[in-house]
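Undergrad: Okay, these came from Swiss-Prot:
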type	residues	note
BINDING	30-37, 73-76, 132-135	GTP binding site
Amino acid sequence: MAVWDLFGWFRDILSSLGLWNKHGKLLFLGLDNAGKTTLLHMLKNDRLATLQPTWHPTSEELAIGSIKFTTFDLGGHIQARRLWKDYFPEVNGIVFLVDAADSERFNEARVELDALFQIPELKTVPFVILGNKIDAPSAVSETELRAALGLLNTTGDARIEGQRPVELFMCSVVMKSGYLEAFQWLSQYI
């Protein structure tokens, strides 16, 4: 029995230092055509694929560093958004993608994001917002996207007791840039 206690103590120490394998449940959310499925395929297979809109939720197992994630890619069209709530129980993080090149839909994205922030079930769940498609000529700057989404005061690397961790990262899934930093940031809260 004492050996198991010692093992548990050692595991707890390693876990507190972030050195033990962790497992998390992530939801990939955002409006349709933001790049959720493309990102998931890039993380899983390290390549782009020609994809159709996501009509049905899909699940994948991913490993990023020492953390294993069960990811759920939920469609972003209006009908699919009604199903998002079914996946909230036991979620450890939300990855919310926004098409940074589609400024006409920023308000719609902000409404959905604000609605998610108001859900009591998610009050302590960390959110990483990815401003995707920064390689597109019409993409806005990080400052413009933060203003459009009402994310001028995010938590960054600070851990503030009682405050949900939220951070915005700009990325281009097709250019393979920006999103790994976002997952590294998110992993510290899982």
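Note that Cβ sites are derived from N, Cα and C of the backbone, with glycine treated the same way.
Could you place these features in context, so I can see how deep they sit and what lies close by?
TA: In the three-state DSSP reading, I134 (GTP binding site) counts as coil.
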Undergrad: So if I draw a 10 Å sphere around the Cβ of A34 (GTP binding site), how many other Cβ atoms end up inside it?
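TA: Taking all protein chains shown, A34 (GTP binding site) has 25 Cβ neighbours within 10 Å.
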Undergrad: Enter the number of other CB atoms within 10 angstroms of the CB of D32 (GTP binding site).
TA: 15
